[in-house]
Amino acid sequence: MGKHRLRSLALLPLLLRLLLLLLPTDASAPQKPIYMVMVPSLLHAGTPEKACFLFSHLNETVAVRVSLESVRGNQSLFTDLVVDKDLFHCTSFTVPQSSSDEVMFFTVQVKGATHEFRRRSTVLVKKKESLVFAQTDKPIYKPGQTVRFRVVSLDESFHPLNELIPLLYIQDPKNNRIAQWQNFNLEGGLKQLSFPLSSEPTQGSYKVVIRTESGRTVEHPFSVEEFVLPKFEVRVTVPETITILEEEMNVSVCGIYTYGKPVPGRVTVNICRKYSNPSNCFGEESVAFCEKLSQQLDGRGCFSQLVKTKSFQLKRQEYEMQLDVHAKIQEEGTGVEETGKGLTKITRTITKLSFVNVDSHFRQGIPFVGQVLLVDGRGTPIPYETIFIGADEANLYINTTTDKHGLARFSINTDDIMGTSLTVRAKYKDSNACYGFRWLTEENVEAWHTAYAVFSPSRSFLHLESLPDKLRCDQTLEVQAHYILNGEAMQELKELVFYYLMMAKGGIVRAGTHVLPLKQGQMRGHFSILISMETDLAPVARLVLYAILPNGEVVGDTAKYEIENCLANKVDLVFRPNSGLPATRALLSVMASPQSLCGLRAVDQSVLLMKPETELSASLIYDLLPVKDLTGFPQGADQREEDTNGCVKQNDTYINGILYSPVQNTNEEDMYGFLKDMGLKVFTNSNIRKPKVCERLRDNKGIPAAYHLVSQSHMDAFLESSESPTETRRSYFPETWIWDLVVVDSAGVAEVEVTVPDTITEWKAGAFCLSNDTGLGLSPVVQFQAFQPFFVELTMPYSVIRGEAFTLKATVLNYLPTCIRVAVQLEASPDFLAAPEEKEQRSHCICMNQRHTASWAVIPKSLGNVNFTVSAEALNSKELCGNEVPVVPEQGKKDTIIKSLLVEPEGLENEVTFNSLLCPMGAEVSELIALKLPSDVVEESARASVTVLGDILGSAMQNTQDLLKMPYGCGEQNMVLFAPNIYVLDYLNETQQLTQEIKTKAIAYLNTGYQRQLNYKHRDGSYSTFGDKPGRNHANTWLTAFVLKSFAQARKYIFIDEVHITQALLWLSQQQKDNGCFRSSGSLLNNAMKGGVEDEVTLSAYITIALLEMSLPVTHPVVRNALFCLDTAWKSARGGAGGSHVYTKALLAYAFALAGNQDTKKEILKSLDEEAVKEEDSVHWTRPQKPSVSVALWYQPQAPSAEVEMTAYVLLAYLTTEPAPTQEDLTAAMLIVKWLTKQQNSHGGFSSTQDTVVALHALSKYGSATFTRAKKAAQVTIHSSGTFSTKFQVNNNNQLLLQRVTLPTVPGDYTVKVTGEGCVYLQTSLKYSVLPREEEFPFTVVVQTLPGTCEDPKAHTSFQISLNISYTGSRSESNMAIADVKMVSGFIPLKPTVKMLERSVHVSRTEVSNNHVLIYLDKVSNQTVNLSFTVQQDIPIRDLKPAVVKVYDYYEKDEFAVAKYSAPCSTDYGNA
């Protein structure tokens, strides 16, 4: 009995099928009307969609209504569709816009006189999304470069959208917004933008973040790093995979220059198989098995070798299943090294079988066909081998042979398969049955495939042949359809109509029919339909082909076709020619759909080697689609569909005395399942489902309950989507060559003429084009080879000191296929002496891929930048090169390179500036300029110039990024690069002198300054001098207030993230005490602000000024309490003995002026007037303990920072009066301005940072208050007692123009005369050098070198510099100090050793700038600070001169010390 029961269970699927076939049907019954409506289960709001209607066997006119129902109400899609005969038709409709995704009911109602059909089901309606992407001009940037980028928006058909972009910003690695654009419209579907990086940005990964109109966020990454572009590429070629049985593998390494030529040099290759859990405790084997190879590269720049795999123990477990290959090439001659790597996977799979192009379902009566692929462990097909294929259900067991592609085809007869599944097995060889602990055994992988039956009550089937390959666009696909029909089910039908739909990107895009004639006895066969593959079907097309039989059964099949990611706008890009010499012209032709807007880009391949990027490609564009292929029902639209067909009763049946019971079989697929897999919702009264077995309760004695469960088929195989000349002179070396927008003409062509840059490299160019007709198109990447058949490179130091000698080397490289005879010549110049180091030859032979170096011993004679011009020319010579006759190339037969060398005078450079403000007012005014020099001046080092400007801010405007000849490496100093731009813009705006050029430059400086300042921000919103560094994380109250007011004032010109302002203000408010004053946090780098007991008042006054300057009202709680603190302090100081510090008074006067308290301001100004230093035509203020000035000086030195700052605050107080300063105020201000302008340096700045910011603010305010347009030009005449004379004119049109003349004789006396109207600002700059001399300095500096002598052989090329620094001045300690160590000529600092200095508690920061090392010291006391770092030889120099070390107080420039040092081998030539 048990045996019979098991057998009965096995036959259950067959019995159910038999029972269903025996159900009573009436073949002669009249056919009922059939209604079928299909619509995608996912709809897009605002985008045209399609629904397809099929009405068959209509016997009356019907009206069709389609609507969408949601909680927001009903929306009718069709109301006027009336059908009176059979119809197959697809109609477009548009779902109204929606602000969010929403599940809705899609309802279909068909109503006639006697029939009514109504069905509804859920669909998901997604809100409309645009496809937005960004493109940067390159993937990686250096500090200080400009990031250029484009934003593009498309609809889902890839047509351009001129949408509004609400927000776009740049985010740095610390998540700061450093630039922002709001509410801008795209034009032609795109917008091109740019922003400059600061010179010291946070390095790392940045993002362009785009907020679309729908609220979606799109990001595009790029990197900012300090890097040197690779000179050549190291290509490592290794097998992708090897098996554990292989005994050797080939390793190949090639070095290729970016211009495509081989690299000469030596390669070192390391091949390792690492241990999975490495340990340093058990020898090298517990880390990795490694093999090292080293060899000279051949003439092709390559190295190749067969490597034995035995040493890598491929069969051992516990080691990684891969070999890591690292290669390093050292270039011959230069020692430049570049690296490359490769990876080889290890597999124990020796052979592998897989099924190809097989269906997931079979249909009884239609052969089941497919292919089996046999590959080896590397994935390479194995041809002409015998494999076994078996299928138990079909009683099939055969051997077959693979073809030349490793494929074996099979066909299985399904006529006698009675079950619901078919399992096919493919086998090649048995795997090794051995097993060893810690050893790998080889395996031969078999293949299995199970296909499930398709359900049809009439046993009628349709099968679409699948295709193995991805289809090309613009081809016609012939789809083969195989059918088998039940003759009885066809009744008397003469023809059968097959209907088909094609879906792509989640929507219905095509529909059609095929009529099949029917003949008795011919119910089995095949036919084909033709489908044109176009862009509307990409990237995945799904086809459903079906027919409705007379009995209402739907028979059909679906197929999926992958199509290449093609775009309708065909874009091509061509360089003519595609290679050329530097500085020649080339034509870039763009071909696209007429009137397309095209974005062009060409980048140096070296950049892409540095950081490979994912090129803009069709696949990336298709990845933007919200739906590439709709499968199944989306979440929310996956409810169980209603089934009106009822169920089959579970009547027991006895066959041969055995009890059988029908059960639901879940493996068979019906038509409903096929349509659901395509994501189609179907509303029909036809038969598309297999019958459902009625549920029946059973007691425990029956068949186990598990057999009654109905499995719901898979629902959520959801959406594939992605949110996520003859002679050349070379000097121009960009990283991005082309970044342009062009519009093609009506013929679809645009031509751009370009000049080839001087970089010898391969340029990679691409274009995308946007057309309103055809949409987006992408060009293939094209190359332009910028190359010279031979060229010359120079090797020389950055700078030398006059009197030193060096070797100038010129290397000529030949890449012609023939030999050339080259003459190398150094152009003579009066600026240097040069002699060949070898016996001079007229010419040299250089054959293919060879090089020749010529060298000269050079002694510079002139100071400044000295140009060296070297040319290499191919000669027309009959003299043989070996056995070859040298040739002369048609192009590029001569290459000339010009490089400059800085020749500096001996000693230490000084600069003295004399300033005058001359206002003729209709009468002539004159002034004597007496240029004197100290007795110890270095010969020929003196030079002088006079600058004439019509505006007191003119010099500062020209030099806003170079106001001080000092470093800008901390958070305070950076602000002198930022804040003055605000005052310049304000002043020029108010005086209506602002030009677009000045505005653009100033805003760029503000943007970079903003970025840089964020480096010094703390997490709590405060700022400190050197940022949030471990051990130096004390926030600075004073600097935070400075940044806060500057950011607030800059908001009207650039984007400043409000977060930074809000956080800084909150942090400052937390530092306010109960009495309204502010507590100090962090060190003050300028201790002139430390006024003893007045520290708190001075700081509070400064913060109050900052809050008022950022336009906070006096009623603001923080401001109100701060003013209370200041008022209390002033009343206390006024009534007490000794009064208040001048510096504090100046701040108080300006603070009360800003607060509108004019009475208190006047009271303080009156007190200050009593302490003023009044000279003949000027007024200023000094500190009581002002450091004394050396009597040895022959000129009046520039005033210290504190004097300038306090005097500028007094000027601001005079000028801050409502509604405007009085004439009395302006008269007093004029005297202050005359003194201030005399203190300016040659760049328009002052002594230090804070005084420069405050003084320029005050001068700009004075300029605005007194600005008038002169009716008559001012004439300036400068003449000497000799023959020199020159004239300038200053008028309203050129008053911002900087006019300069070099004075011919120094020393000497010159007279300046000014006539006409208006004021003229005159500035004389005198520069000279003096030798360091022994004298008393406020700092003590001792410099030593290790080793101290040249006895150590290493001293020729490397030595250590040791500094011992202490402060011996009048104060207890200095302000922040800078140690400026100049390099000995030919030597460069070893950067890691300089960076290590920052570990010292005394060192806040280090910089390497050209041939100087700058060390920032928080302060220096009488305790000696020891610092040391290492330098190494870069270029050998003879007769080395000593170099100078200067230590100076950043805020008291008169406090400094100098010392000199020499290289251990100063008089030796080193290794030359």
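Cβ coordinates come from backbone N, Cα and C, glycine included.
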_Disulfide-bonded cysteine for Cys847 as listed in Swiss-Prot, from Cys819, Cys919_ = Cys819
*When you check Swiss-Prot, which of Cys90, Cys290, Cys302, Cys434 turns out to share a disulphide bond with Cys254?*
Cys302
*Could you state the whole-number distance in Å separating the C-alpha atoms of Asn1426 (N-linked glycosylation site) and Cys254 (disulfide bond)?*
48
*List of residues, in chain order, with Cβ under 8 A from that of Cys302 (disulfide bond) and at least 6 apart*: Ser252, Val253, Cys254, Gly255, Pro262
_Candidate recorded positions Asn59, Asn74, Cys272, Asn399, Cys881, pick with smallest Cα gap to Cys1125 (disulfide bond)_ = Asn74
*Here are some disulfide-bonded residues: Cys473, Cys598, Cys847, Cys1350. Which one has the most Cβ atoms within 10 Å of its Cβ?*
Cys598
*asked:* Distance check, please: Cα of Asn1364 (N-linked glycosylation site) against Cα of Asn59 (N-linked glycosylation site), rounded to an integer number of angstrom.
replied: 109
*Per 10 Å Cβ neighbour count, which of the disulfide-bonded residues Cys52, Cys290, Cys769, Cys919 ranks highest?*
Cys769
*asked:* Distance check, please: Cα of Cys272 (disulfide bond) against Cα of Cys1465 (disulfide bond), rounded to an integer number of angstrom.
replied: 44
*Hey, does DSSP put Cys881 (disulfide bond) in a helix, a strand, or just coil?*
strand
*Cys1077 (disulfide bond) has how many other Cβ neighbours within 10 Å of its own Cβ?*
24
_Structural state of Cys819 (disulfide bond), classified by DSSP into three states_ = coil
*Rounded distance in angstrom between the Cα atoms of Cys1319 (disulfide bond) and Cys847 (disulfide bond)*: 68
